[in-house]
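Contents: one structure, followed by commentary.
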């Protein structure tokens, strides 16, 4: 540990004198402990602390405030801007807060933010055969995922993970510990479900659960080739089927464009017979070159396979990369001519990557059953998310940044003046704060600033795209 300072002494005391639970920049292994997710945005927090419980989180926050140091929490550490380890700020690593219990009367789970999604899936499955909608990557932390949205395979059927959060325990900027729900500290509860890192640190979640599906069918259909017209045809059919309303709500339905293929994949929560009766591939004019269908009766096995597939795709691990997101609704669907321009762009523009993927992830369904003003997550009318991702073997170049920035421009060229939201779970730290906040929070931004002003007027919980208090 570095030479004693008031901040260092206080931080060490906050964790009961456990020197292994704090780290400072002069330590030889500090960059390893920071563990950046995006290698192109290396950061140096003023210190890292690993508290054991809520009281230690609160004590660490007080140390930072007393030394005029800002704070960000970190659970799984998958933030695309490394915001959980912001330079010059205290990184509160929540890895030790992994408690879990299940009330088998209400089927409500109590969980700590340090739990990873893989552990959440396994514990819920083994304690009553339960689950909640969430993303497929098992290494993602609950603390961030449950407070930005939490979309995943079951979201069209059940909604977002944050929609299942019933109550939270939060450490505020004044180091007080409060609980929030729909009936208590309602404004804070609104903000936590979509923008928690700007208002406090969630140390405990109460999450209602659903029974696991009896049968889960995974499917993938692959069209090989690079012809822009053929690729646009697959995309437009995918978009039309989603927009037309005939797609079963209990179906996850994603389309991924890579350099050489179009991959339609997802899950159907029901029997394989019912899935085959829907005959998804028959809706496309050209039959896919490859088809894979598999049925799982063990929901954890299904979830583990989905996580392994995401990992194998190479888009969910620490690396050099750049990524962007866009939200499309029924009013901003991509028109035919713009779709062909998108795939011409992909075919002809230098990308500078060793891997890129453009994912169109279907939403709608139960996500729309919650109003845009009920939680900080604004994009309830979304038909689908677009996630673009470019990975490089070394330092990111302007070529890759310009490739993905240009792709977003082409994707929105059909209605360039329309509002296109963005997903705060996939931050783009290269854009301006104003553009980012408008994209993430839409018309909820002003209310969020009011709440920020009330609970954190001095902007203790801060990163480069956090919500500022009203000036």
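Including glycine, each Cβ sits where the backbone N, Cα and C put it.
The predicted model assigns the domain 'FAD-binding PCMH-type' (41-212) a mean pLDDT of 98. Positions annotated as domain 'FAD-binding PCMH-type' by Swiss-Prot, on the basis of sequence analysis: 41-212.
If you look up Swiss-Prot, you'll see 18 (among others) marked as N-linked glycosylation site. Over all protein chains present, the Cβ of residue 18 (N-linked glycosylation site) has 14 other Cβ atoms lying within 10 Å.
Counting only residues at least six positions away in the same chain, no Cβ atom sits under 8 Å from the Cβ of residue 29 (N-linked glycosylation site). The N-linked glycosylation site annotation in Swiss-Prot covers 29 (among others) and is backed by sequence analysis.
The local packing around residue 174 (N-linked glycosylation site), expressed as other Cβ atoms within 10 Å of its Cβ over all shown chains, amounts to 15. Annotated N-linked glycosylation site per Swiss-Prot: 174 (among others), in sequence order.
As annotated by Swiss-Prot, N-linked glycosylation site applies to 279 (among others), with the evidence given as sequence analysis. Of all Cβ atoms in the protein chains displayed, 8 besides its own lie within 10 Å of the Cβ of residue 279 (N-linked glycosylation site).
Under the heading N-linked glycosylation site, Swiss-Prot lists 351 (among others). Counting every protein chain shown, 19 other Cβ atoms lie within 10 Å of the Cβ of residue 351 (N-linked glycosylation site).
Outside the signal peptide (1-23), and at least 6 residues removed from its termini, the chain residues within Cβ reach (under 8 Å) are 30, 33, 46-52, 56, 59-60, 62-64, 66-67, 69, 90. Taken from Swiss-Prot, the feature signal peptide applies to 1-23.
Of all the glycosylation sites listed here (174, 279, 351), 174 has the Cα closest to the Cα of residue 18 (N-linked glycosylation site).
Between the alpha carbons (Cα) of residue 351 (N-linked glycosylation site) and residue 279 (N-linked glycosylation site) lies a span of roughly 36 Å.
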